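Engineer: Pasting a structure below so you can have a look.
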Amino acid sequence: MPVDNKRVCGPEESQSPWLFLQQTRGQPTWVPQTRESERRADSRRRRGQVDARPMFARCGLVSQAKGSAYIEAGNTKLICSVYGPRETERKDELDMRAGRLVCAFRLAPFSCAKRCPWIQGSQEKDLTLSLQESLQPGVCLHRYPRSQIEVNVLVLENDGSALAHAITCASLALADAGIEMYDLVIGCSLRQDGAAYLLDPTCCEETGDESTENQGSLTVALLPALNQISGLLSTGEMKEATMVGAIRVCVEGCQRLYPAAQQCLLKSVRRKVHARSTDVDVGR
């Protein structure tokens, strides 16, 4: 009997995980989320509150890259590596005066519920363009003429808000690589559902009907110290007042994530200083 070696097969006596759910009066503890529910599926506060998922970030994990960063927010996990500045391959008048920022946004084949192909699809190309447009205003490209900086983002697990966390992860990787920047670029996303909104939505919360009124998604990239928006991506239909309120909520979410990104860079600098001092002592 032929065996499919490309799959990880479970044991023959395996059982469905639904059988192990704790029962309460004959009903499972998990209840589908409704508009009237007080808490979201991941136990965050009720809808309409500025409550993002706790974020873990660390820089300098990829030794072969000039700079790198890893971010984990809930079940969303991303890693970014930065290479350069190096001599640009395509030279024109623009490259002579300022550098070029080259971005790549990729989804790992195992990152989504539906397996993704290795070939970059239309969704990844659109996300790559949004990532580049959000990062470019924060990088001092005029300091790197005739050169290019490569930013590669790989999503290891996608549980919603992948683009927003990719913007933050790429910004940390650029700072870790020593690239001159005006400020860190922090990303935050929001899912609008009628009169309520969901900040930093999960994958289940992102999937919804965007054809009706006040049903859509929004991603904002912010330079917190300068209080300037460097990128804005909106899908769906929302009223003008709803859009303005959603942008304000995303800006507040970015401001709350900014101290965590600063602490991540501070710890990275301390590790590098300690490593250099250790090397000097060994050399003596």
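Note that Cβ sites are derived from N, Cα and C of the backbone, with glycine treated the same way.
Here TrEMBL flags 25-34 as compositional bias 'Polar residues'. Summarising the annotation, TrEMBL assigns domain 'Exoribonuclease phosphorolytic' to 52-180. According to TrEMBL, the region 'Disordered' annotation covers 25-49.
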Engineer: Based on DSSP, tally up the residues of the domain 'Exoribonuclease phosphorolytic' (52-180) by helix, strand and coil.
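Structural biologist: Per DSSP, the residues of the domain 'Exoribonuclease phosphorolytic' (52-180) fall into 40 helix, 44 strand, 45 coil.
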Engineer: Average the per-residue pLDDT over the domain 'Exoribonuclease phosphorolytic' (52-180) and send me the rounded value.
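Structural biologist: Averaging the confidence scores along the domain 'Exoribonuclease phosphorolytic' (52-180) gives 89.
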